[in-house]
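Here is what TrEMBL records for this protein:
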BINDING   89, 90, 91, 92, 161  GMP binding site
ACT_SITE  89  active site, GMP-histidine intermediate
């Protein structure tokens, strides 16, 4: 039985409701503290699991390419509960797909993708996804520094494009 399921059923019994979205546990109660402890454990487990997977992935890429990966940008979003604000979830396009296909050559795309594992045989088909088709991520991050904090820089190791 999952931790959330167990606590959810207990909350439903304690509040006398069958509607999951109305069930709750008082944080100050023993059951509420048990719930918080279990959720903290679940979060810590998920974080350690992701760290292990990421380290394993980085090691596999290093073994395949002979290079230790460099990284791009990972951010921490500043939460503002008083205002509704939005931050970019990526750099955003600078060139339309058609414009990128017109201006980016296969050789140029191959040069841009140097050091990244990808299917270079598909270069002609995926020129619309060339890095130059997107805005400069550093500039995008600077323009929203009141909303996000750069935590780490990440660099792609592998890129799979659908075509």
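Glycine is no exception: its Cβ is also placed from the backbone N, Cα and C atoms.
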DSSP-derived class (H/G/I helix, E/B strand, else coil) of residue 91 (GMP binding site)
coil
I'd like the Cβ neighbour count for residue 91 (GMP binding site), meaning other Cβ atoms within 10 Å of its Cβ, all protein chains included.
18
For the binding-site residues 92, 161, the one whose C-beta sees the most other C-beta atoms within 10 angstroms
161
